[in-house]
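For B:43-155, the entry in TrEMBL reads domain 'PurM-like N-terminal'. Per TrEMBL, the feature Mg(2+) 3 binding site maps to B:Asp45, B:Asp90, B:Asp243. According to TrEMBL, the feature Mg(2+) 4 binding site maps to B:Asp45, B:Thr59, B:Asp90. Among the features that TrEMBL reports, Mg(2+) 1 binding site is placed at B:Thr60, B:Asp61, B:Asp138. As annotated by TrEMBL, Mg(2+) 2 binding site applies to B:Asp61, B:Asp90. The substrate binding site annotation in TrEMBL covers B:His68, B:Glu296, B:Trp348. Per TrEMBL, the feature ATP binding site maps to B:Tyr120, B:Gly137, B:Asp138, B:Arg164, B:Ser245. Here TrEMBL flags B:Asp246 as Mg(2+) 5 binding site.
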2 protein chains.
Amino acid sequence: MAFPVFLYHMKRTEIATLGEFGLIDHLTKDIKTKQETTVKGVGDDAAIVDNAGKRTLITTDLLLEGIHFDLIYTPLKHLGYKAAVVNFSDIYAMNGKPQQITISLGIAKRMSVEDLEEFYSGVKTACEIYGVDIIGGDTTSSLTGFTISITCIGTADDDKIVYRYGAKDTDLIFVSGDLGASYMGLQLLEREKSVFASNPDKGFQPDFGGREYILERQLKPEARKDIVELLAENGIVPTSMIDISDGLSSDLLHICKQSNVGCQLFEERIPIDYQTAAMAETFNMNVTTAALNGGEDYELLFTVPLTLHEKMKDITGIHLVGHITKPENGCYMITRDGVEIELKAQGWNPIAEK
Amino acid sequence: MAFPVFLYHMKRTEIATLGEFGLIDHLTKDIKTKQETTVKGVGDDAAIVDNAGKRTLITTDLLLEGIHFDLIYTPLKHLGYKAAVVNFSDIYAMNGKPQQITISLGIAKRMSVEDLEEFYSGVKTACEIYGVDIIGGDTTSSLTGFTISITCIGTADDDKIVYRYGAKDTDLIFVSGDLGASYMGLQLLEREKSVFASNPDKGFQPDFGGREYILERQLKPEARKDIVELLAENGIVPTSMIDISDGLSSDLLHICKQSNVGCQLFEERIPIDYQTAAMAETFNMNVTTAALNGGEDYELLFTVPLTLHEKMKDITGIHLVGHITKPENGCYMITRDGVEIELKAQGWNPIAEK
């Protein structure tokens, strides 16, 4: 054994050259599942395990301080709530029901028992509201930041599971709620943080009046349990579905790539809340860009056959934003001016160089 | 919303005052599970979810650089292997079979694609050997150290699951393999690291000759799949079982506390490899202390009824180390000199102040 055994590998390919999805593809491309019970491995919102016909869904998220959250403006209770909810969202995106979670924490030295109680109370509140059990985890100290890893287990009937790969030519594309709000909330928090940082001693308190919606979308998002239930009540099983965590553009491209189809998205149909639009104007940012690339909306993006067009009107809280096309037509957004712009996966990239 | 919302909580209880197990108890004591499918939540080696009679076991581990591993002397391939195996070990400790894992990584900036390939190749090798599928995960960048979170899913028949709480008075206590080797391997690596640190330019290479076994126990441990299979082949279902991750003392106390029993452990029966003993002598350390409190052995500690005494002789690779007593007798080790020493949970504590 040479010593030290690890400092830098001889050949060095920078991770940024591959990007998050490229890296995952690269590391997982040769993985072959062998267990009979493994129905679906890497590559969708959740993995699927068979249990006597009933399916178990598993999803997991790792949240690191400084990358995914900033404790200067994130109440720990909200952070706990969000950490749980984003995992529930992945299970709903498979048309499943979240049932259990495990929580692993790396605890930063500056944190007290009360801080962890705050965090846990947020997790527990989320679990209470969504009907999910906390069943385990791991707790350790962290030499650096606060580290959160949550795994969620859900169930679904085999014939009701919705993958990313089922979209077909002429399918309609729907999105729930509105988009871009979480991103604009983050921009607002970041601005106030920098104002605070330059005047820490002057008792500075930011003015968040009238901005509650976009702040809540960023700090305490919800998963769209209601939409999944509405679809079920109306007997609708989407042909494909994903939750919008990276941004509409990036997540719609996931569906198109895995379904081997193209798409047409209409800019004027992308649902935007007025607070989102107002904040974008204040910041002199393009609100469509925020909706396309902002991410962290945790809305559901899904496709249904064209024949269901009339029936979809019974589902409240969703918006028709476009349709699926043949793969050779590519993936485009039609702007308000009628210009076709190719969609790019410019979503929030946690692998990007900081 | 006050700003900043979080710096320090008003009331501040230091986490060290509770310790790891105290903190987990404190945060989870009011958790009540509600899902019909939740069979067992927090408090054993793995959680249990029901799926049409068959049980799904779930366990998760969070490993942080600087706390759980040191990349100066840990080859990434071994680290990947170990990160997977320690989770398999938790499933075996329930008398289950690991089937799937998810891997979440927080990637330190200095790491290259090749480094991650090394890590993944270790995980894949472990999965190959133990017959486990990689089914998902999450990948993000880390501003600080390398972060690894692995969740393992396993299966077991309901009537074969072994908990920590089933030990009964007069049961025999067995342990597989030998103990303390991993801890002595760690001491050796730490010593060589400090020698290296004081002579980095002199081409220093440590002499690990004859120490391969203790190094392997630390860097590339195995889970005791073979023992679980042997027990099954012989029709033996232990009354309680745990894997030794914190140290024999701490883990035996877990069984005694949860089973509401006492125990007598015989020092002379604790299995120690000669390399472990030799290393302890070199370091002028008590080898029994290493076995009791060192941890990271990933051997199985289990109890069986006294009536199985003869039958247990058919199981190779295990050692009778003591027996269970009534709770009022307490938990003691009988030394080679016949002195009774009360067992204390002095195992490796990842929550301790560094």
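Glycine is no exception: its Cβ is also placed from the backbone N, Cα and C atoms.
Every protein chain considered, the tally of other Cβ atoms within 10 Å of the Cβ of B:Glu296 (substrate binding site) stands at 22. B:Arg164 (ATP binding site) sits 25 Å from B:His68 (substrate binding site), taking the C-alpha atoms as the reference points. Cβ-based neighbour count (10 Å, all protein chains) for B:Asp61 (Mg(2+) 1 binding site) stands at 22. Under the three-state DSSP scheme, B:His68 (substrate binding site) falls in the coil class. Secondary structure from DSSP puts B:Tyr120 (ATP binding site) in a helix. Between the CA atoms of B:Asp138 (Mg(2+) 1 binding site) and B:Thr59 (Mg(2+) 4 binding site) there is a gap of 17 Å, rounded to the nearest whole number. The two recorded residues, B:Gly137 (ATP binding site) and B:Asp45 (Mg(2+) 3 binding site), have Cα atoms 21 Å apart.
Here the candidates are the binding-site residues B:Thr59, B:Asp61, B:Tyr120, B:Glu296. The one whose C-alpha lies nearest to that of B:Asp243 (Mg(2+) 3 binding site) is B:Glu296. Reported as a whole number, the C-alpha separation between B:Asp45 (Mg(2+) 3 binding site) and B:Thr59 (Mg(2+) 4 binding site) equals 7 Å. Listed binding-site residues near B:Ser245 (ATP binding site): B:Asp90, B:Glu296 (candidates B:Thr59, B:Thr60, B:Asp61, B:His68, B:Asp90, B:Glu296; Cα-Cα distance within 10 Å). Highlighted in sequence order, B:Ala46, B:Thr59, B:Ser89, B:Ile91, B:Tyr92, B:Ala93, B:Met94, B:Ile242, B:Ser245 have their Cβ within 8 Å of the centre of the Cβ atoms of B:Asp45, B:Asp90, B:Asp243, the residues recorded for Mg(2+) 3, and are not part of that set.
Spacing of B:Glu296 (substrate binding site) relative to B:Asp246 (Mg(2+) 5 binding site) is 6 Å (Cα to Cα, whole number).
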